[in-house]
Amino acid sequence: MINCQDIQRAISARLDNEPADIDDTIIEAHLEGCAECRAYLDNARIMKAQFEHDDTEAPDLTDLILAGVGPQVRQAENRRATSLALARIALVLTGFVFVVWSVGTLVESTRLIEDDVFSVDPNVTKMVIQLAAARVALGFGLFFAAWKTRLVTGMLPIFATLWTFSFGFAARDVVLGTIATGDVVGLMILLCATLVLVWTWLSQDGRSFLFRAWQTANARPEF
């Protein structure tokens, strides 16, 4: 994904009349939503104008400009790194909750054995085992997402879909008056996991992706 440093290098190259690796439309779209890069561009133009007054050949301004806005870039990167670190911790904690939840499902199955539910309907055994396996799989998926945060992009639709369907069935149970406390707790766990995944995605490149998508959707081509 394109970050601020890539955009700033492309700006420096464009001001020096050199080919940039990033298309101008992408640069302009990024500048509209990034105050730091706009400040970088303004500083670059000022410094370029000052050097153009000299008769000597203008030197490469990339390092000088980067040094001028370095504190702003480092501050933004520090905020991003801190947010991502906290999100990864939240992923681990949420994954642990899912593992505990799966163990609780197996413990609950002992009550079904005592009530002789399994002998009445053998399919209940399979359903309980599959449910516990699914929950522990989701938990370990969150562990891997905390390790390799790029996996969040693929996991987010899965958790969001699970929560959406669970919420729909919970709403039905509320209307029928059959909802249980465990259903509400499970719904909250799924919601927390989904929100943590969204937080992790935004801490990486999600905000830039959303901004570019918004700019593309509102583009007004000229003919």
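Glycine residues also receive a Cβ, built from the backbone N, Cα and C atoms like all the rest.
Pulled from TrEMBL:
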type: DOMAIN; residues: 4-38; note: domain 'Putative zinc-finger'
type: TRANSMEM; residues: 84-107; note: transmembrane segment
type: TRANSMEM; residues: 127-147; note: transmembrane segment
type: TRANSMEM; residues: 154-172; note: transmembrane segment
type: TRANSMEM; residues: 184-202; note: transmembrane segment
Stretch in 84-107, 154-172, 184-202 most in contact with the transmembrane segment (127-147), if contact is a CB pair under 8 A: 84-107
Residue numbers, six or more beyond the limits of the transmembrane segment (184-202), whose CB comes under 8 Å of its CB atoms: 83-84, 87-88, 90-91, 94, 97-98, 101, 138, 142, 145, 149, 152-153, 155-156, 159-160, 162-163, 166-167, 170
DSSP helix/strand/coil residue counts for the domain 'Putative zinc-finger' (4-38): 26 helix, 0 strand, 9 coil
